[in-house]
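These come from TrEMBL:
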| type | residues | note |
| --- | --- | --- |
| TRANSMEM | 12-34 | transmembrane segment |
| TRANSMEM | 68-92 | transmembrane segment |
| TRANSMEM | 104-125 | transmembrane segment |
| TRANSMEM | 131-150 | transmembrane segment |
| TRANSMEM | 180-199 | transmembrane segment |
| REGION | 264-304 | region 'Disordered' |
| COMPBIAS | 266-278 | compositional bias 'Low complexity' |
| TRANSMEM | 371-391 | transmembrane segment |
| TRANSMEM | 397-414 | transmembrane segment |
Amino acid sequence: MESSVLECIGVEIIGVMSPVSICMFLVVLLVYTLSSPTADTATTIRTAANLVYVENPSDTAVQKFEGAVLNAVVFVVLIALVTFLLVLLYYYNCTSFLRHYMRFSAFFLLASMGGSILLSLIQHFSIPLDALTSFLLLFNFTVLGVLSVFSVGIPILLRQAYMVTLGIIVAAWFTKLPEWTTWTLLVALAVYDLVAVLAPGGPLKLLVDLASTRNEELPALVYEARPTVAVSSGGASTLGLFVAAGVSDSESSRIELQVVSRNNLNSRSGNDNGNFNDNDNDNESSFDGNSLRNSVNEDDGDEEGRSLLASNRMRIGGGREGEVVNEEMSREEGMARRGGVEIADRGIKLGLGDFVFYSVLVGRAAMYDLMTVYACYLAIISGLGCTLILLSVCRQALPALPISITLGVIFYFLTRLLMEPFIVGTATNLMMF
């Protein structure tokens, strides 16, 4: 009986919630540091999110609401059009163009938006840096970021750090939007994420299906968490995952770790006496051609075993790639990209957009009161936990925004309209300390 993924998903959930929490915390710090009491509409930026309507303090509530809804509809339509364009390009195998586009986008975000935030921090803290030194620091930071996100052979911690940095930069810029536009936009994006990932003709679902059919990675900004590897000892029927390391012969010559089911390999070998050495002297899991050769008896007339042995001899002994890939597990596990989460060979994946809009919600709450920040943070983390548990059960791509954004918005307004007046009133009347 196949074990549930819930038995080993706890560490992976923590591995995703930790960077999300760090991103939200740093965005709140930036909002408190760089925002001034006199900053109102003068610092409001003009982007695609408020392309139609620019909010003014003198406008009535009805005008602000109508303008915010119009801005949200236009922004969601633009995102849908761009996503369908990406689907079209990916369908016609314009993968190289998409990769270069993603590299340019990351370079632009780090250089322009990141440079603006860096300049604001230098001015705020009066850091003694000349223009040339600042330019060199920003240039090296930007180039290293692009290489870390899109190149192979980069330490996973450095890649994860730059993914969180990208989320912080974009979220800090979105917090400059007007209040009504921000809340309406968050709700609209949650609804769009739900439709785009789960609807039959949704653009993100089309991208995921195309990538699954071609068995390749989409060139997208996705945060990857390391998988939780639980190797079962003895004959226990828990979710025993075996890590087989294979050396690639491509130009990068990297070592990839793939999550392979021990029971699946044993059943395919046709012999229960298969020997996998998972108690190495260096405490590392190893896999070579001898272990598979011992698990299949060439003299027993098993044609399936012979074909499996021959194919793996080509991969391990003289093949060019030398990777052990479990195609059946990768087919079972769901895939997701920019608008959702995924459990794949390298663990849970979370789109960069989810980092951004979680942090935008908390950053907007930070502009009002810290109590709303705590409430929104707990709501977002709870929604993300529910989404990841559903992901482990459903084993398919799921949108990461709807539950968290819905809970975050509800808790923000409940805290602002009900909880804060109650606590402030009781405290001022010495009824609560």
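A Cβ is built for glycine as well, from the same backbone N, Cα and C atoms used for every other residue.
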Ask   = Apart from its near flanks, which chain residues at least 6 from the ends of the transmembrane segment (131-150) lie with a Cβ under 8 angstroms of it?
value = 99, 102-103, 106-107, 110-111, 114-115, 118-119, 122, 158-159, 161-163, 165-166, 221
Task = Count, for each of 12-34, 180-199, 397-414, the Cβ pairs lying under 8 Å from the transmembrane segment (104-125), and report the range with the highest count.
result = 12-34
Note = Long-range Cβ contacts under 8 Å made by the transmembrane segment (68-92), restricted to residues 6 or more beyond its ends, are 48-53, 55, 98, 178, 180-181, 183-185, 187-189, 192, 196, 203-204, 206-207, 210-211, 218
Query = Other than its close neighbours in sequence, what residues sit by the transmembrane segment (12-34), given a CB gap under 8 Å and a spacing of at least six beyond its ends?
reply = 117, 120-121, 124, 160, 163-164, 167-168, 171-172, 175, 223, 225-228, 341, 343, 347-348, 350, 354-355, 358-360, 362-363, 366-367, 373, 377, 380-381, 384-385, 388
